[in-house]
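Chemist: Structure incoming, see below.
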Amino acid sequence: MNDTAVFSISGDKVALRRELRRRRRILSLDQQKQAAAALCQRLKQLPEIRRAKRISLYLPVNGEIDPTHLIPWLRQRKVSIYLPVLRPFSTNRLWFVAYHESTPMVKNRFGIAEPCSRFAAERRNRMPAWALDTLIVPLVGFDKQANRMGMGGGFYDRSLAFMRYQGPAPTLIGVAHACQQVATLPVEPWDIPLDVVVSDTMVIRPIKTG
Ligand SMILES: Nc1ncnc2c1ncn2[C@@H]1O[C@H](COP(=O)(O)OP(=O)(O)O)[C@@H](O)[C@H]1O
Ligand SMILES: [Mg+2]
């Protein structure tokens, strides 16, 4: 299908991540803007987004596709918006913290803006992941089965590990640029599967087996 298939066959996740991150980083500002607009058009059509009342999304860095065009539309629909925050004293786990116009923000150790620690520390500003309807999750790579490759920290896999068990669980929507698709990705036992991947050009749902 395309040249990166060779990386996944060799299982070289580090090299594959580097290549996929390069692809999105070299997109022009114009390409980024168009991709963000196309992505948000598709997201607005998605039933899982249209019925959601509590959504988590992310602020893009390093060429990630930008889902923030959704924010005014979500606010108009009275949807509560949350952002992932690096959880203190806990390895590679996330909190989901309310994102209002007035939420005080800081840059975390990855240079990503997030609600500040004092705000995030207050219980009433957080939502447990199981109580969110929908999470919009950034991807480094995806394949035609909607498998996800992240930044390599396992942040979402750890924070969503509870989804292996019965109980309330959010819909997971991975978003990425079309150029981040590869033929097949290696799936690890700890990877939490996505319900759908949306890019600027397509919507992919995994084919359920069994
Ligand atoms: N639920 C979990 N508990 C503990 N460690 C985990 C969990 N999920 C993932 N990890 C660890 O996180 C690391 C990165 O996971 P990986 O799936 O490769 O990254 P990403 O999902 O960011 O692409 C792995 O070494 C894995 O052992
Ligand atoms: Mg993973």
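Glycine too: its Cβ is placed from the backbone N, Cα and C atoms.
Reproduced below are the annotations present in TrEMBL:
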- K13, V14, A15, L16, R17, R148, M149, G150, M151, G152, G153, G154, F155, Y156: ATP binding site (BINDING)
- L59, E64: substrate binding site (BINDING)
Chemist: Could you list the residues of the same chain, at least six apart in sequence, whose Cβ is under 8 A from the Cβ of G153 (ATP binding site)?
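Modeler: Expected: N92.
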Chemist: Distance between K13 (ATP binding site) and E64 (substrate binding site) at the Cα atoms, whole Å?
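Modeler: For K13 (ATP binding site) versus E64 (substrate binding site), the Cα atoms are 18 Å apart.
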Chemist: How many whole Å apart are the CA atoms of M149 (ATP binding site) and L59 (substrate binding site)?
Modeler: 18
Chemist: What's the CA to CA span in angstrom from A15 (ATP binding site) over to L59 (substrate binding site)?
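Modeler: Here the two Cα atoms are 25 Å apart.
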Chemist: Could you tally the C-beta atoms, other than its own, that fall within 10 angstroms of the C-beta of E64 (substrate binding site)?
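Modeler: Counting Cβ neighbours of E64 (substrate binding site) within 10 Å gives 23.
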Chemist: If you count Cβ atoms within 10 Å of the Cβ of M149 (ATP binding site), leaving out that atom itself, what do you get?
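Modeler: Result for M149 (ATP binding site): 24 other Cβ atoms within 10 Å.
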Chemist: Taking only the binding-site residues A15, R17, L59, E64, M149, which have a CB closer than 6 angstroms to any atom that belongs to ligand 1?
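Modeler: Result: M149.
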